[in-house]
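**Student:** Not my notes, these are from Swiss-Prot:
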BINDING   Ser9, Asp12, Arg39  substrate binding site
Amino acid sequence: MKVGIIMGSKSDWPTMKLAAEMLDRFNVPYETKVVSAHRTPQLLADYATQAKDRGIKVIIAGAGGAAHLPGMAAAFTSVPVLGVPVQSRALKGMDSLLSIVQMPKGIAVGTLAIGEAGAANAGILAAQIIGTSNEEVMAAVEAFRKEQTEMVLENPDPSED
């Protein structure tokens, strides 16, 4: 039971590694791969169609610019696909966000925020999905959420350090 983290190019890794770091925190196994919707369409088709049989339970797909990777991956598989819009230089990721979020009815992509926050949250969401059938992963997610709460409660006054 693992997660597939795919991205359109190697330059997307600095963003997408945050998804991997969150999965590491929850002890969720994953694989990473560059799979370009435009430059390697057959590789994308093969990856997505074989994902379920290879034990992939969730695909996290990050892409910038035209950002067709998440939608095309979703078109080829019944495995849940989480789309991460990678921030681009030209439009600061808005182009990526709109490309990923505007899917036609019938092909679902869970779209996250632009950039690093979206990648980290994709890792968390993938762990939550895995956790629905894995008590250890769910316990790790719940512990993380508790830590988040405690960090806020420890110092609720922003004027104090």
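Just so you know, glycine gets a Cβ as well, placed from its N, Cα and C.
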**Student:** Determine which residues of this chain, when Ser9, Asp12, Arg39 are set aside, have a Cβ within 8 Å of the centroid of the substrate site's Cβ atoms, and list them as they appear in the sequence.
**Tutor:** Met7, Gly8, Lys10, Ser11, Val34, Ser36, Ala63
**Student:** Around Asp12 (substrate binding site), how many other CB atoms lie within 10 A of its CB?
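**Tutor:** For Asp12 (substrate binding site), the 10 Å Cβ neighbour count is 22.
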**Student:** Neighbour count, 10 Å Cβ-Cβ cut-off, for Ser9 (substrate binding site): what number do you get?
**Tutor:** 17
**Student:** Do any residues at least six apart in sequence from Arg39 (substrate binding site), in the same chain, have a Cβ closer than 8 Å to its Cβ, and if so which, in order?
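**Tutor:** Listed in sequence order: nothing, so none.
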